Amino acid sequence: MGDRPKGEFSATAQHMSMLQATLGSKRASESWLYSYKRSFNGFVAKLTEEEKKKIDSLEGVVSVFASTKKQLHTTRSWDFMGFPVTAERTKTESDVIVGMLDTGIWPESPSFDDEDFGAPPSKWKGSCQSSSNFTCNNKIIGARYYHSEGTISPPDIPSPRDSEGHGSHTASTAAGGLVYGANLYGLGAGTARGGVPSARIAVYKICWSDGCSDADILAAFDDAIADGVDIISISVGGFFPSDYFTDPIAIGAFHAMKNGVLTSNSAGNSGPDSASIVNFSPWSLSVAASTIDRKFLTNVQLGNDESYVGVSVNTFVLENESYPLVYGGNVPNTAGGYGNSTSRYCILDSLDPKLVKGTIVLCDGLNDGEPAAAAGATGTIMHDSYFNDFAFSFPLPASYVGDDDGSKVYAYINGTSKPTATIFKSVEPDLTAPGVDILAAWSEASSMTGFPEDPRIVAYNIISGTSMSCPHASGAAAYVKSFNPTWSPSAIKSALMTTAATMSVATNTDAEFAYGSGHIDPLKAKSPGLVYDMEEADYVSFLCGQGYSNKNLQLITGDNTTCTASNNATVYDLNYPSFTLSAASGASISRVFHRTVTNVGSASSTYTAVVAAPQGLSIRVQPSTLSFKSIGEKQSFAVTVTASVGEAVLSGALVWDDGEYKVRSPVVAHAA
């Protein structure tokens, strides 16, 4: 229902009145579940499709949508991005509060120790849902949990305590304290730390064993904004993108932006397929995952002394020199109705436990290892041609090899009367290469992999995904905020984007559509020189240009906003720190982009436009120099981009350079 009404109002009374007028008193009391009232206006109710249509037609309603389930999308990573433990810090870093919307937190982890922390900052308005098994401290200053649908049953815990591990991992990555000697059975050893070790953490548990409910996500945003957090980190997303105002993360992030809070969210885990991003609202920071200079390799040795190297995080040490080796397709669970066409992929229950127990199983395709473990296997070798630039953990000794090596293992099995193999513990090589292979805190209520067959309980775990890269960006944003406490969310986002290190088009053929502006560099981002700043009105102009109605925009903003010729902006004129245009393959296109930058560097400075463009892309900037006389001064310019679009992405850049600062924005053209 948009913005929170000004002054005193009873959200629950308003919402019940609407339901009663539409559904009748008895049905209204059965239907209503929860009201959003602290930071924005809305409610959750159980409705039939017909009732949904009636509510949707009422005055004051922006949107009505079903509450679906979203999915959950370290030691070395901060050093890799040039952000050492000795990096400059502000005394006010402990005033920064990072709100973590995730699976909760494991408060006993050393990453969340509050030694040497004073009382929470005075701006904090939150609370701690303490229970018999959970208490907050001066590091974890607040914790809540949300579960609007059904009852809570094991393995879930009715408290902010993390029973899965994901939330503890993301929280310690963003703002965990320094923990020396952290490791996973010797792997990834070093000092585990967050981006802002002295910052406070506020926990909002929204995810459970069956997913993350839209209704709970919105409730957490409602509270986090009102509680006084500075940054919101949410490593959660749907399976496909939604309209801005039927997407709870985009809705929550919009109201966070209105209140000066930047939302950092994971872009999604369906890459590198094209158009697979699921969180993309321009008022939030969407984060992709990249590799770091570390890789975990697991060696497989066959009985013929041939060895093959795969990827996995394997902490198991096998007792014997070798074990019988079988192919999944040769050991189907025929009694259970399975044939070799299924068992070759090691689908759950497809393997015959009598033939598999005590063996190492070769499986076609990557799986989570549970089917082989459940059948009693000692280990598993998996192979296919999917990406092998990150490592998974499995509930038994495992290695994931490429198809070529997998075919050789298969040939050995079929050509040998008694084939054998062993799988060694993983090793950790350095590469010349963060969201991949990240070590961070874990919940001791869950096994290392979360599977019941896995006996390993660990304090720190290694996992991958945009869930892991998102808290890196959240921590970097909090670091920038600690130096620039008055900056807007868009200024912080601009600083992170324009100072990011460029990445290789050769290894990422989708260029900026794969990696965005580049790899974050927190040290440079705290002092970027210029920022592309935006306020709520800029986003409203963008939404006007996208066709949103005056009625809905007035509800969303809480004022008398109307779309007029002066504020009906095209997407090209959103003051965003990048430039993108598209056309049909083989066509030519030209667009003019208008931008305004704010000086946050040297008071007296002159910037010169430096452009880089491949063949087929032309970039003209007018004026080509910008002169500033004071901090906070704004200057505007226009960029004309002309492109002959083919199948390949055309990737260029505009850099404003004053000799001290280099403010880089990608300029990209692609086939629509």
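Numbers here mean position along the shown chain, with the first residue as 1.
Cβ from N, Cα, C; glycine included.
Caution: TrEMBL annotation is automatic and unverified by curators.
What TrEMBL lists as domain 'Inhibitor I9' is 10-73. According to TrEMBL, the feature domain 'Peptidase S8/S53' maps to 94-517. The active site, charge relay system annotation in TrEMBL covers D102, H166, S467. Residues annotated as region 'Disordered' in TrEMBL: 152-171. The domain 'Subtilisin-like protease fibronectin type-III' annotation in TrEMBL covers 573-668.
Across the structure, D102 (active site, charge relay system) and H166 (active site, charge relay system) place their CA atoms 7 angstrom apart.
For the active-site residues given as D102, H166, the lowest number of other CB atoms within 10 Å of the residue's CB is seen at H166.
Confidence across the domain 'Peptidase S8/S53' (94-517), taken as the mean pLDDT and rounded to a whole number, stands at 85.
Each residue of the domain 'Subtilisin-like protease fibronectin type-III' (573-668) gets a DSSP state, and the totals for helix, strand and coil are 1 helix, 61 strand, 34 coil.
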